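As recorded in TrEMBL, the features of this protein are as follows:
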DOMAIN    74-117  domain '4Fe-4S ferredoxin-type'
DOMAIN    184-218  domain '4Fe-4S ferredoxin-type'
TRANSMEM  12-30  transmembrane segment
TRANSMEM  67-87  transmembrane segment
TRANSMEM  140-163  transmembrane segment
TRANSMEM  175-194  transmembrane segment
Amino acid sequence: MTENRLQRSRLVVRSLFFLLFLLAPVLNIFRFDLTTTNFIVFNQVLSFGMTAEWIKASDQWELAFRVLTYFILPLFLMVVSGIYIFYKWGRLYCGWLCPHFSVVEYVNDLMDRRVGRVTIWEKAKFSTTEEAERSKVLDWLIIVVVSMTIAFLWALGLLSYLLPPIPLYTDLIHFEVGIYPTIFLLAATTIFTIDFVLARHLFCKYGCAFGVMQSLFWMMNSKAMLVKFDRKRAKLCQSCDKDCESACPMRLPVRSFKRAKFTCTQCAQCISACQEVQKDNPEGTLLDWSEGETSRHSSLIPVKTIDPKKVHNKSK
(Lines of atoms letter the chains of each structure in order from A and count residues from 1; the text may use other names and numbers.)
(Lines give C-alpha, C1' and ligand atoms only; values in the text may rest on other atoms or scores of the structure.)
Protein backbone atom coordinates (compact mmCIF):
# COMPACT_ATOMS: atom_id res chain seq x y z
CA MET A 1 0.00 0.00 0.00
CA THR A 2 1.49 3.37 -0.98
CA GLU A 3 1.51 6.19 1.53
CA ASN A 4 -1.06 8.16 -0.49
CA ARG A 5 -3.41 5.20 -0.36
CA LEU A 6 -2.63 4.88 3.32
CA GLN A 7 -3.63 8.49 3.99
CA ARG A 8 -6.81 8.08 1.94
CA SER A 9 -7.66 4.95 3.91
CA ARG A 10 -6.98 6.77 7.16
CA LEU A 11 -9.22 9.65 6.05
CA VAL A 12 -12.07 7.22 5.33
CA VAL A 13 -11.63 5.45 8.68
CA ARG A 14 -11.46 8.73 10.63
CA SER A 15 -14.48 10.17 8.82
CA LEU A 16 -16.60 7.09 9.45
CA PHE A 17 -15.63 7.03 13.12
CA PHE A 18 -16.42 10.75 13.44
CA LEU A 19 -19.88 10.10 12.00
CA LEU A 20 -20.27 7.20 14.42
CA PHE A 21 -19.28 9.52 17.27
CA LEU A 22 -22.08 11.93 16.30
CA LEU A 23 -24.72 9.35 15.36
CA ALA A 24 -24.17 6.69 18.05
CA PRO A 25 -26.55 8.32 20.57
CA VAL A 26 -29.13 9.13 17.88
CA LEU A 27 -29.19 5.50 16.73
CA ASN A 28 -29.13 4.29 20.35
CA ILE A 29 -25.88 2.44 19.72
CA PHE A 30 -24.43 3.74 22.96
CA ARG A 31 -25.41 6.48 25.41
CA PHE A 32 -26.15 7.15 29.07
CA ASP A 33 -29.63 8.54 29.64
CA LEU A 34 -29.59 10.94 32.58
CA THR A 35 -33.39 11.06 32.63
CA THR A 36 -33.60 7.34 33.44
CA THR A 37 -30.01 6.80 34.74
CA ASN A 38 -29.57 3.85 32.38
CA PHE A 39 -26.88 2.88 29.90
CA ILE A 40 -28.36 2.11 26.49
CA VAL A 41 -26.39 -0.21 24.19
CA PHE A 42 -27.75 -1.19 20.76
CA ASN A 43 -31.21 0.07 21.67
CA GLN A 44 -31.34 -2.07 24.82
CA VAL A 45 -31.12 -0.96 28.44
CA LEU A 46 -27.86 -2.34 29.82
CA SER A 47 -29.13 -4.25 32.84
CA PHE A 48 -27.26 -7.55 32.34
CA GLY A 49 -30.64 -9.24 32.72
CA MET A 50 -30.73 -8.29 36.40
CA THR A 51 -34.24 -6.97 36.86
CA ALA A 52 -35.61 -6.25 40.31
CA GLU A 53 -37.67 -9.45 40.17
CA TRP A 54 -34.65 -11.55 39.13
CA ILE A 55 -32.49 -10.13 41.93
CA LYS A 56 -35.15 -10.93 44.53
CA ALA A 57 -35.48 -14.49 43.24
CA SER A 58 -31.71 -15.15 43.00
CA ASP A 59 -29.17 -16.01 45.67
CA GLN A 60 -25.85 -14.24 46.19
CA TRP A 61 -23.87 -16.76 44.09
CA GLU A 62 -26.11 -16.34 41.06
CA LEU A 63 -25.86 -12.57 41.39
CA ALA A 64 -22.05 -12.69 41.71
CA PHE A 65 -21.72 -15.02 38.70
CA ARG A 66 -23.94 -12.76 36.57
CA VAL A 67 -21.88 -9.67 37.49
CA LEU A 68 -18.63 -11.57 36.83
CA THR A 69 -19.59 -12.95 33.41
CA TYR A 70 -21.65 -10.02 32.11
CA PHE A 71 -19.60 -7.10 33.43
CA ILE A 72 -16.22 -7.79 35.07
CA LEU A 73 -14.90 -10.36 32.56
CA PRO A 74 -15.85 -8.35 29.41
CA LEU A 75 -14.42 -5.19 30.98
CA PHE A 76 -11.21 -7.05 31.87
CA LEU A 77 -10.83 -8.39 28.32
CA MET A 78 -11.45 -4.93 26.88
CA VAL A 79 -8.80 -3.36 29.15
CA VAL A 80 -6.24 -6.07 28.38
CA SER A 81 -6.87 -5.74 24.63
CA GLY A 82 -6.47 -1.98 24.88
CA ILE A 83 -3.20 -2.26 26.80
CA TYR A 84 -1.85 -4.70 24.20
CA ILE A 85 -2.68 -2.26 21.39
CA PHE A 86 -1.12 0.66 23.27
CA TYR A 87 1.99 -1.38 24.12
CA LYS A 88 2.53 -2.53 20.54
CA TRP A 89 1.35 0.44 18.44
CA GLY A 90 1.13 3.43 20.79
CA ARG A 91 -1.42 6.13 20.00
CA LEU A 92 -2.93 4.24 17.10
CA TYR A 93 -6.41 5.22 18.27
CA CYS A 94 -5.42 8.90 18.22
CA GLY A 95 -4.10 8.87 14.67
CA TRP A 96 -6.74 6.65 13.13
CA LEU A 97 -9.99 7.08 15.08
CA CYS A 98 -10.01 9.92 17.62
CA PRO A 99 -12.68 12.54 16.71
CA HIS A 100 -10.65 15.28 18.38
CA PHE A 101 -7.53 14.46 16.35
CA SER A 102 -9.66 14.49 13.19
CA VAL A 103 -10.57 18.09 14.02
CA VAL A 104 -6.90 18.85 14.77
CA GLU A 105 -5.86 17.74 11.29
CA TYR A 106 -8.77 19.48 9.56
CA VAL A 107 -8.18 22.84 11.26
CA ASN A 108 -4.43 22.46 10.69
CA ASP A 109 -5.05 22.12 6.95
CA LEU A 110 -7.51 25.03 6.98
CA MET A 111 -5.06 27.33 8.76
CA ASP A 112 -2.22 26.26 6.49
CA ARG A 113 -4.28 27.22 3.43
CA ARG A 114 -5.68 30.47 4.82
CA VAL A 115 -2.85 32.01 6.86
CA GLY A 116 0.20 29.97 5.90
CA ARG A 117 0.81 28.36 9.27
CA VAL A 118 -0.60 25.41 11.14
CA THR A 119 -0.72 27.03 14.59
CA ILE A 120 -0.66 30.58 15.92
CA TRP A 121 2.62 29.71 17.64
CA GLU A 122 4.51 29.42 14.34
CA LYS A 123 5.63 32.00 11.80
CA ALA A 124 3.63 32.27 8.59
CA LYS A 125 5.28 30.85 5.50
CA PHE A 126 3.77 33.54 3.24
CA SER A 127 6.01 36.49 2.44
CA THR A 128 5.11 39.99 3.64
CA THR A 129 3.95 40.96 0.15
CA GLU A 130 1.71 37.93 -0.14
CA GLU A 131 0.29 38.51 3.33
CA ALA A 132 -0.56 42.09 2.39
CA GLU A 133 -2.55 40.84 -0.60
CA ARG A 134 -4.62 38.51 1.52
CA SER A 135 -7.43 39.58 3.76
CA LYS A 136 -6.04 38.37 7.08
CA VAL A 137 -9.15 39.44 8.96
CA LEU A 138 -11.37 37.43 6.63
CA ASP A 139 -9.06 34.42 6.83
CA TRP A 140 -9.09 34.40 10.61
CA LEU A 141 -12.84 34.99 10.65
CA ILE A 142 -13.31 31.89 8.50
CA ILE A 143 -11.05 29.86 10.80
CA VAL A 144 -12.91 30.98 13.93
CA VAL A 145 -16.37 30.41 12.40
CA VAL A 146 -15.45 26.94 11.15
CA SER A 147 -13.89 26.07 14.53
CA MET A 148 -16.97 27.38 16.35
CA THR A 149 -19.28 25.34 14.11
CA ILE A 150 -17.31 22.15 14.76
CA ALA A 151 -17.18 23.02 18.47
CA PHE A 152 -20.97 23.33 18.57
CA LEU A 153 -21.34 19.95 16.84
CA TRP A 154 -19.02 18.48 19.44
CA ALA A 155 -20.96 20.04 22.31
CA LEU A 156 -24.29 18.89 20.87
CA GLY A 157 -22.90 15.42 20.23
CA LEU A 158 -21.66 15.08 23.80
CA LEU A 159 -24.95 16.34 25.23
CA SER A 160 -26.87 13.80 23.14
CA TYR A 161 -24.95 11.06 24.97
CA LEU A 162 -26.56 12.27 28.20
CA LEU A 163 -30.06 13.35 27.14
CA PRO A 164 -32.53 11.69 24.72
CA PRO A 165 -31.19 12.99 21.37
CA ILE A 166 -34.41 13.24 19.33
CA PRO A 167 -36.27 15.42 21.88
CA LEU A 168 -33.06 17.45 22.30
CA TYR A 169 -32.77 18.13 18.57
CA THR A 170 -36.49 18.91 18.35
CA ASP A 171 -36.22 21.44 21.17
CA LEU A 172 -33.15 22.93 19.51
CA ILE A 173 -34.94 23.40 16.19
CA HIS A 174 -37.87 25.11 17.92
CA PHE A 175 -35.58 27.15 20.24
CA GLU A 176 -37.11 25.49 23.30
CA VAL A 177 -33.97 24.05 24.89
CA GLY A 178 -34.01 24.14 28.70
CA ILE A 179 -31.75 26.38 30.76
CA TYR A 180 -29.27 23.69 31.83
CA PRO A 181 -28.77 22.16 28.36
CA THR A 182 -28.34 25.72 27.03
CA ILE A 183 -25.67 26.48 29.62
CA PHE A 184 -23.89 23.23 28.74
CA LEU A 185 -23.99 23.98 25.01
CA LEU A 186 -22.70 27.53 25.46
CA ALA A 187 -19.92 26.54 27.86
CA ALA A 188 -18.81 23.49 25.87
CA THR A 189 -18.91 25.36 22.54
CA THR A 190 -16.77 28.15 24.01
CA ILE A 191 -14.22 25.72 25.48
CA PHE A 192 -13.97 23.65 22.30
CA THR A 193 -13.67 26.78 20.15
CA ILE A 194 -10.72 27.97 22.23
CA ASP A 195 -9.21 24.49 21.98
CA PHE A 196 -9.64 24.21 18.20
CA VAL A 197 -8.33 27.72 17.48
CA LEU A 198 -5.50 27.99 20.01
CA ALA A 199 -4.56 24.59 21.40
CA ARG A 200 -5.47 21.46 19.39
CA HIS A 201 -2.21 19.45 19.34
CA LEU A 202 -1.15 21.03 22.65
CA PHE A 203 -4.23 19.52 24.29
CA CYS A 204 -3.38 16.15 22.69
CA LYS A 205 0.16 16.40 24.07
CA TYR A 206 -0.47 17.65 27.59
CA GLY A 207 -4.20 17.61 28.34
CA CYS A 208 -5.50 14.25 27.13
CA ALA A 209 -5.12 11.64 29.87
CA PHE A 210 -6.14 8.82 27.53
CA GLY A 211 -3.49 9.84 25.00
CA VAL A 212 -0.76 10.09 27.65
CA MET A 213 -1.72 6.63 28.94
CA GLN A 214 -1.30 5.17 25.44
CA SER A 215 2.11 6.83 25.14
CA LEU A 216 3.28 5.48 28.51
CA PHE A 217 2.51 1.87 27.56
CA TRP A 218 4.15 2.45 24.16
CA MET A 219 7.33 3.78 25.78
CA MET A 220 7.58 0.61 27.88
CA ASN A 221 8.03 -1.49 24.74
CA SER A 222 11.48 -1.09 23.18
CA LYS A 223 10.31 -3.04 20.13
CA ALA A 224 7.04 -1.17 19.54
CA MET A 225 6.17 0.23 16.15
CA LEU A 226 7.60 3.69 15.51
CA VAL A 227 8.70 5.92 12.67
CA LYS A 228 12.34 5.11 11.92
CA PHE A 229 14.76 7.57 10.34
CA ASP A 230 17.52 6.28 8.05
CA ARG A 231 20.45 8.14 9.61
CA LYS A 232 22.93 6.77 7.07
CA ARG A 233 21.25 8.86 4.37
CA ALA A 234 20.75 11.94 6.53
CA LYS A 235 22.67 14.15 4.07
CA LEU A 236 19.65 14.03 1.76
CA CYS A 237 17.78 16.14 4.31
CA GLN A 238 20.03 19.11 3.51
CA SER A 239 18.06 19.77 0.33
CA CYS A 240 14.70 19.46 2.12
CA ASP A 241 12.82 22.16 4.00
CA LYS A 242 11.84 19.87 6.90
CA ASP A 243 8.67 18.79 5.09
CA CYS A 244 8.31 15.80 7.40
CA GLU A 245 8.21 17.95 10.54
CA SER A 246 5.91 20.47 8.85
CA ALA A 247 3.51 17.63 8.01
CA CYS A 248 3.38 16.30 11.58
CA PRO A 249 0.09 17.38 13.24
CA MET A 250 1.73 17.04 16.66
CA ARG A 251 4.72 19.21 15.64
CA LEU A 252 7.27 16.56 16.65
CA PRO A 253 10.95 16.18 15.65
CA VAL A 254 10.14 13.09 13.60
CA ARG A 255 13.78 12.31 12.75
CA SER A 256 14.79 12.19 16.41
CA PHE A 257 14.82 9.27 18.85
CA LYS A 258 11.73 7.69 20.38
CA ARG A 259 11.62 9.67 23.61
CA ALA A 260 11.38 12.91 21.64
CA LYS A 261 8.37 11.44 19.80
CA PHE A 262 6.53 10.47 22.98
CA THR A 263 3.18 11.71 21.63
CA CYS A 264 3.45 10.26 18.10
CA THR A 265 -0.01 9.25 16.84
CA GLN A 266 1.18 6.86 14.08
CA CYS A 267 -0.63 8.98 11.49
CA ALA A 268 2.28 8.52 9.00
CA GLN A 269 1.94 12.08 7.70
CA CYS A 270 5.71 12.50 8.02
CA ILE A 271 6.31 9.30 6.05
CA SER A 272 3.99 10.49 3.29
CA ALA A 273 5.75 13.87 3.15
CA CYS A 274 9.19 12.27 2.94
CA GLN A 275 8.03 9.85 0.27
CA GLU A 276 6.75 12.77 -1.79
CA VAL A 277 10.10 14.57 -1.50
CA GLN A 278 12.06 11.40 -2.35
CA LYS A 279 9.67 10.14 -5.04
CA ASP A 280 12.41 10.30 -7.70
CA ASN A 281 14.96 8.64 -5.44
CA PRO A 282 15.33 4.91 -6.22
CA GLU A 283 16.35 4.28 -2.59
CA GLY A 284 12.98 5.59 -1.44
CA THR A 285 11.94 7.41 1.71
CA LEU A 286 14.17 8.12 4.70
CA LEU A 287 11.26 7.62 7.09
CA ASP A 288 9.30 4.42 7.55
CA TRP A 289 7.54 2.36 10.20
CA SER A 290 9.62 -0.27 11.95
CA GLU A 291 8.98 -2.90 14.60
CA GLY A 292 10.94 -5.53 16.51
CA GLU A 293 14.72 -5.38 16.80
CA THR A 294 15.03 -2.60 14.22
CA SER A 295 12.60 -0.55 16.26
CA ARG A 296 14.57 -1.22 19.44
CA HIS A 297 17.76 0.24 17.96
CA SER A 298 15.83 3.25 16.63
CA SER A 299 14.48 3.88 20.13
CA LEU A 300 17.89 4.40 21.66
CA ILE A 301 19.41 7.84 22.13
CA PRO A 302 22.58 8.12 20.02
CA VAL A 303 25.61 8.04 22.30
CA LYS A 304 29.15 8.97 21.31
CA THR A 305 31.78 6.61 22.67
CA ILE A 306 34.77 8.37 24.20
CA ASP A 307 38.13 6.68 24.76
CA PRO A 308 39.36 7.74 28.24
CA LYS A 309 43.01 7.14 27.26
CA LYS A 310 42.82 9.59 24.34
CA VAL A 311 41.16 12.20 26.52
CA HIS A 312 43.84 11.71 29.18
CA ASN A 313 46.66 12.03 26.62
CA LYS A 314 45.18 15.24 25.17
CA SER A 315 44.95 16.76 28.63
CA LYS A 316 48.72 16.28 29.02
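Just so it is clear, glycine is given a Cβ too, placed from its N, Cα and C backbone atoms.
Between the transmembrane segment (140-163) and the stretches 12-30, 67-87, 175-194, it is 175-194 that has the most C-beta pairs under 8 angstroms. Averaged over the domain '4Fe-4S ferredoxin-type' (74-117), the predicted model has a pLDDT of 92. With DSSP classes pooled into helix, strand and coil, the tally for the domain '4Fe-4S ferredoxin-type' (74-117) is 38 helix, 0 strand, 6 coil.
Summarised by DSSP class, the composition of the domain '4Fe-4S ferredoxin-type' (184-218) is 32 helix, 0 strand, 3 coil.
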